[in-house]
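Quick look at what TrEMBL annotates:
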DOMAIN    307-399  domain 'Transglutaminase-like'
ACT_SITE  Cys315  active site
ACT_SITE  His373  active site
ACT_SITE  Asp396  active site
BINDING   Asn436, Asp438, Glu485, Glu490  Ca(2+) binding site
Amino acid sequence: MDEQSDGQTVDETGTNWAWGLRLEGLAASPRSSRHCVTMAEDLVLERCDLELEANGQDHHTADLCRERLVVRRGQPFRATLHFEGRNYESSVDKLTFSAVTGPAPSEEAGTKARFPLSDAVEEGAWTATVVDQQDSVLSLQFSTPAHAPIGLYRLSLEASTGYQGSSFVLGHFTLLFNCWCPADPVYLDSEEERREYVLTQQGFIYQGSAKFIKSIPWNFGQFEDGILDICLMLLDVNPKFLKDSGRDCSRRSNPVYVGRVVSGMVNCNDDQGVLLGRWDNNYGDGVSPMFWIGSVDILQRWKEGGCQRVKYGQCWVFAAVACTVLRCLGIPTRVVTNYNSAHDQNSNLLIEYFRNEFGEIEGDKSEMIWNFHCWVESWMTRPDLQPGYEGWQALDPTPQEKSEGTYCCGPVPVRAIKEGDLTTKYDAPFVFAEVNADVVDWIRQDDGSMHKSINRSLVVGLKISTKSVGRDEREDITHTYKYPEGSPEEREAFTRANHLNKLTEKEEKGVAMRIRVGQSMGVGNDFDVFAHITNDTGEDHACRLLLCARTVSYNGVLGPECGTKDLLDLTLEPFSGGVLQVEESVVCNTCLAQGRCQLRPPMMQRQHQEKSIPLRILYEKYRDCLTESNLIKVRGLLIEPATNSYLLAERDLYLENPEIKIRILGEPKQNRKLAAEVSLQNPLTVPLLGCIFTVEGAGLTEKQKAVEIPDPVEAGEVAKVRVDLMPRHVGLNKLVVNFESDKLKSVKGYRNVIIGPS
């Protein structure tokens, strides 16, 4: 820290240009010339109070204002000037202020402003007005434009009396986007949404599978110590800044531009970005993506390592870090998960799988259906696009494809995706394919020819999810990306997108198959899955059924087999043509007596010919090959040799981890020590070795804490540790926990902790 002559404490953890800006500010202080200035009876500034506490409360930045002023643009803030000797006299003294940001500030670029003390606020301009004046104290109000570039500013004063003049550095402040200001492009009119998407430091990210959605707690921690400086540093090492710093700083007035920069800087594929992605399950020289429980540790590692990439991230980690950065800068942001998400490289809206005669995928696997994929949405207007495209914009920081030469994606209006408007900036075709691509399976036969298979089990773009506003529940937002299936609006969107595959009528067969599960499935259990086959035709079908279970990563990459069955001679009996009465006639005697009810006929249901074929999956078979995604893919291939037809069905199974239990010990009060007892019961039949609990929570722990258990945890025994907490924030906080061991990895848990005032 460096104490300036104006009494302002300056945080030295800035960027190179910011450090230079501060040095310039120090030189400008009238420390050495104060005596001669006083002799000339000039106006001399003793100190400036930027009123951190009051401004922090008004600007929803109290947690950021511990050492430096942080305010939101388009909203006034207060400062108090304390003069030596005499006070300011409007008839004698002329006060002119300047606010500058960036290494080469200029008025033309909007990164420098000079403005006099005035009588009234001018809308959309930098202004300073008098609020109060007593003795040698002058209270001022500063107003900033709602379209000013965000970033670190130096605020200076030039005071002139007659022909004499002096300059003073009043201090430094950081300017953020302002979703409370109607003139700001990120304005949100719902206070509940503003709190959720800008101020809330914890949340959930959804994983698992479309039929078993799993919520993972995450500590975003955007107001934790040092995170704002790291976010500003991230902007200052982006390639656009390094190429033309003046233009980059000027463009930071635009949330579309900032969002695009952040999307590119969270990954490190073509810059000094934060995270290195890895998907091969070999994370020995870094940290497994499944281990992380918050963004703070990742961003701190990046800064402390000199902006060297942090190993490793996958889609939800990229999305969560981007969410932290964007919320910290003031842009309303949320993490979303899309189930059965397509990675379409060639923009033909088609994912083709080429399989051998057993249904196993062969050849190029660059285009895949990911079990789930995460990105972020940020709220902003789009003056660069046609009306109607304001609101939520999709941004995807996971490095998949290049956009204008950089590994980034978006922002693209979610509304444009729904309407099939693929000409919209940025990267609409890629995001549209993620939620709408069609899937075609080709089976290679013995003679080398390819035969198209029917697969009704895989629909791209399901259960698009985000955390609900103000509640620890999932909100389904699929309807914001897609019209109802089969609706006229959906056909119009597909026509607009030239999605020919989706517009083609699907061939219907009389034989159908799907994969069902019999019970809930936990890690360590043996369980059954079933191929459920129905025959609605009037004929026998002599078939062969191949069932196969393999472990799978969330991005669709398959592991070893953990269960198989091959039925060479499976006969499907014909549909009998009859119907089945499944409900007796029902009548309400009371209503019938009053003439208000009539006899309801029994419900009739068409009777299918059904077969249910079980496949047993044993823990001993998947134990050593289950990835940290906890996913197993079950595939059924039904072959009818007589007609040379193939029917494919697949399902991803999520195996549940045991529950982490968290007990709070003591009375939760601000700035009073508290403890948490964290425990987990070993569900396996073998001991767990190398057990570690990792705990963190914004406002509850100063840093992430890890507690090791030195002894093995035997089968059925409980692993238990105690962690000390020091609550800083009154209100709702979340304690987030991760558990690791040799045979049970990336088990997550959380506990809401309500902290009362001390």
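Yeah, the Cβs are placed from backbone N, Cα and C, and that goes for glycine too.
Cα proximity to Cys315 (active site) (within 10 Å) is found for the following recorded positions from His373, Asp438, Glu485, Glu490: His373. Along the domain 'Transglutaminase-like' (307-399), the predicted structure has mean pLDDT 91. Cβ neighbour counts within 10 Å, taken over all protein chains shown, single out Asp396 as the most crowded of the recorded positions Asp396, Glu485. Of His373, Asn436, Asp438, Glu485, Glu490, all annotated as recorded positions, the residue with the shortest Cα distance to Asp396 (active site) is His373. Of all the recorded positions listed (His373, Asn436, Glu490), Glu490 has the fewest other CB atoms within 10 A of its CB.
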